[in-house]
Amino acid sequence: MSQNDFLHLMPLLILTFAALLIMLVIAAWRNHKLIYVITAVSFVAAFLSLFELRGVVSYAIEPLLVIDGFALFYIGLILATALLISMLSYAYFEQQKEQKEEYYILLTLATLGACVLVVSTHFASLFLGLEVLSVSLYALVSYLRVRERSDEAGIKYLILAAFSSAFLLFGMALVYFSTGTMTFAGIATAMATLPELPLLLLTGFGMMIIGIGFKLSVVPFHMWTPDVYEGAPAPVTAFVATVSKGGVLGLLIRFFMEVEGFRYPTLMLIFTIVAIASMFAGNLLALMQQNVKRILAYSSISHLGYLLVAFLAGNRIGMEAVTFYLVAYFITTVGAFGTVALLSGEARDAEQLEDYRGLLWRRPWTATVFTAMLLSLAGIPLTAGFVGKFYVLAAGVNTQQWLLVVMLVLNSVIGLYYYIKIIAVMYQQPDTEREPQQRQRPSVYVASVGTLAVLAILLVLVGVYPTALVQLIQDMLYNMPAVVAR
Amino acid sequence: MELTFYIAAAVAILSTVMVITRYNMIHALLYLVVSFLAVAVVFFTLGAPFMAALEVIIYAGAIVVLIIFVIMMLNMTQEDVQREKEWLQPATWVGPAILSAVLLAELVYIVVAADTPAAGAVVAVDAKFVGLALFGPYILGVQLSGILLTAGIVGAYHLGRQKKKVIHRFLQERSAAA
């Protein structure tokens, strides 16, 4: 590796060193605050190092990785989200009796795995990145083991993730068998001459879609989502819903752009069915839930369905829409789970609808932020979610995918119901004056409250003035050769 | 050489099926060792003698022995074998097995129907070549594997440290009802 390679990998190297540093510091002196500060600083440092790389057109570290504008944008998105989640984690874990310091090592490593996913151009780096992400998440999901549901969630995630990895590997083997290469570019070259997919290659792609679909939790690979979301600590749930899915989606876009998967009708048909099924299953199942975390889990399934609508457009507007929607979805989801984390106590998370009754009267600001997040998830104007959904619709209409567009509109209406249900509960007058919750020292809460405030401001800012973000995304896609060609 | 491959592959599949269907854990693990050895032979016939040696040393040697030690410490009795037997009723596995068999048949058809490129002469990949590849172009992959192991160890440390016994809620309900 040359010095230039190190320079271009700086964000990933900073994360690696942060994980090692935290481990050494824990060995010397266990202190939650210190570890938390180290984690936050290293996320900020890694994020700032991206500006050093601004303007890199495409820098390949053969054969495994490539750094380009697309990768930089997605790494930036992942790092910013991870930073916000770590800020929310501090107050949440401060009240736990569990040893908290290892959480930050695992969080850093999981973020690193997601970053590797979006820069990989080779099956080997793809799989290693995915496994670093998954293995860290196994432990993170069941981190608070004294809780009732954590073991169940951890085991479910472990078994299903390992199973889906096996599918992914089998798929990779079949693709390698029929193309003779594991680099994305090599597969693209091998496929360029084929008018339609040979059966063996199609089987390989099908198995890879199972592995990827599990990580994205799209129907029919969504069974684990509500249980894992419910059992995991709220900040970890936010991480699973955002960073882990964003990394895999970035990888999917890169792979499909590279091999021009959009010109094969069979693959498109698979994704169309998956998208429609995800939208309907997510929204309809969410209607019956009484548990806020489960509602948000089903809502995330349907949001992935919306994202696939834009993904299926397969052109530049489609990719812009996916990326924009992803940013809006990240802001909103972290905000929503952040509120859940803020309200949670030591024994359990604030996950029952009952916990939110009359929240507006008890904690008006928190309730306002949560309302804004839910409205954004529903896609109400003036929020980021609305602009995102509008962008997705535009991409769908642009490529005349009327079926998908109609389904999206229909589902947005269904979705409105359960978001409004939570909001209605928050605005109800509480029947009895409840004992005010035991508050912690205000200094502990500063980070959480500040993060939620930042998220709320971002939400409105992106919703009212999306031009800046759109410009940024367009610049970033200009730097991706595969996209410019279309 | 081709015949060796097919025999070894058949042994690998048969022994893996035996691993799943045994009621006694130790018997299952012994079949697992056989399965690993058979896979090692498959690697060898495909021209990867170094991988074959690693398979024997690491999987059959280190990992399975470790698992066997753990199981011996758990002190399994005849009762556990009986319980295993009760859990593995034909009613549980016939349905999934039939569906999987259909999928397997499809997969076999796809592989057979595909016009596979003629296999070239087997080229032996020795330790030196593997080393050069791992510490040449794939050095980042090796480092990522290191990170993967770090994540695994930190996670295992945290989860294994706990003393409190947590029971699954379904089991809890059942034991409360009994």
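Glycine residues also receive a Cβ, built from the backbone N, Cα and C atoms like all the rest.
Beyond the transmembrane segment (A:34-51), the same-chain residues lying 6 or more positions past its ends with a Cβ under 8 Å from any Cβ of the stretch are 10-12, 14-15, 17-18, 21-22, 25-26, 72, 75-76, 79-80, 82-83, 86-87, 89-90, 100-101, 104, 107-108, 111. Residues or ranges marked as transmembrane segment in TrEMBL: A:34-51 (among others).
If you look up TrEMBL, you'll see A:71-91 (among others) marked as transmembrane segment. Residues 11, 32-33, 36, 39-40, 43-44, 46-47, 50, 53-54, 56, 103-104, 107-108, 111, 114-115, 118-119, 234-235, 238-239, 242-243, 246-247, 250, 323, 326-327, 330, 334, 337-338, 341-342, 440, 444-445, 447-448, 450-452, 454-455, 472-473, 476, 479 of the same chain lie 6+ residues outside the transmembrane segment (A:71-91) yet bring a C-beta within less than 8 angstroms of a C-beta in it.
Residues or ranges marked as transmembrane segment in TrEMBL: A:103-120 (among others). Tertiary neighbourhood of the transmembrane segment (A:103-120): same-chain residues 11-12, 15-16, 18-19, 22-23, 26, 35-36, 38-39, 42-43, 64-67, 70-71, 74-75, 78-79, 82, 85-86, 89, 93, 126, 128-134, 136-137, 139-140, 143, 239, 243-244, 246-248, 250-251, 254, selected by CB-CB distance under 8 Å and a gap of 6+ residues from either end.
Summarising the annotation, TrEMBL assigns domain 'NADH:quinone oxidoreductase/Mrp antiporter transmembrane' to A:120-415.
Marked as transmembrane segment by TrEMBL: A:126-146 (among others).
Annotation comment: TrEMBL describes A:158-179 (among others) as transmembrane segment. Among residues of the same chain six or more beyond the transmembrane segment (A:158-179), those with a C-beta under 8 A of the stretch's C-beta atoms are 123, 127, 130-131, 134, 137-138, 186-187, 190-191, 198, 200-201, 203-215, 221, 223-224.
Residues annotated as transmembrane segment in TrEMBL: A:199-224 (among others). Residues 130, 156-157, 160-161, 164-165, 167-175, 177-179, 191, 244-245, 248-249, 251-252, 261, 266-267, 270-271, 274-275, 277-278, 280-282, 300-301, 304-305, 308 of the same chain sit 6 or more residues outside the transmembrane segment (A:199-224) yet have a Cβ under 8 Å from a Cβ within it.
Among the features that TrEMBL reports, transmembrane segment is placed at A:268-288 (among others).
Taken from TrEMBL, the feature transmembrane segment covers A:295-314 (among others).
According to TrEMBL, the transmembrane segment annotation covers A:326-344 (among others). Residues 77, 81, 84-85, 88-89, 91-92, 233-235, 237-238, 241-242, 246, 249, 292-293, 296, 300, 303, 307, 350-351, 355-356, 359, 363, 366, 369-370, 372-374, 376-377, 383-385, 387-388, 445, 448-449, 451-452, 455-456, 458-459, 462, 469, 473 of the same chain, all 6+ positions outside the transmembrane segment (A:326-344), place their C-beta atoms under 8 angstroms from a C-beta of that stretch.
Residues or ranges marked as transmembrane segment by TrEMBL: A:365-388 (among others).
Nonlocal intrachain contacts for the transmembrane segment (A:400-420), taken as residues 6+ away from its ends with a CB within less than 8 angstroms of a stretch CB, comprise 272, 275-276, 279-280, 283-284, 286-287, 289, 295, 299, 302, 305-306, 309, 312-313, 374-375, 377-379, 389, 392-393. If you look up TrEMBL, you'll see A:400-420 (among others) marked as transmembrane segment.
Positions annotated as transmembrane segment by TrEMBL: A:444-468 (among others).
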### Query
Hey, which bits of the same chain come close to the transmembrane segment (A:268-288), Cβ under 8 Å, at least six residues off its ends?
206, 209, 213, 218-220, 222, 226, 262, 294-295, 298-306, 308-309, 311-312, 314, 403-404, 407-408, 411, 414-415, 417-418
### Summary
Long-range CB partners for the transmembrane segment (A:295-314) (under 8 A, at least six residues beyond its ends), listed in sequence order, are 216-219, 222, 225-226, 228-230, 237, 241, 245, 249, 252-253, 256, 262, 268, 271-272, 274-283, 285-286, 289, 321-322, 325-326, 329, 333, 336-337, 340, 377, 389, 391-392, 395-396, 398-399, 401, 404-405, 407-408, 411, 415, 418-419, 422
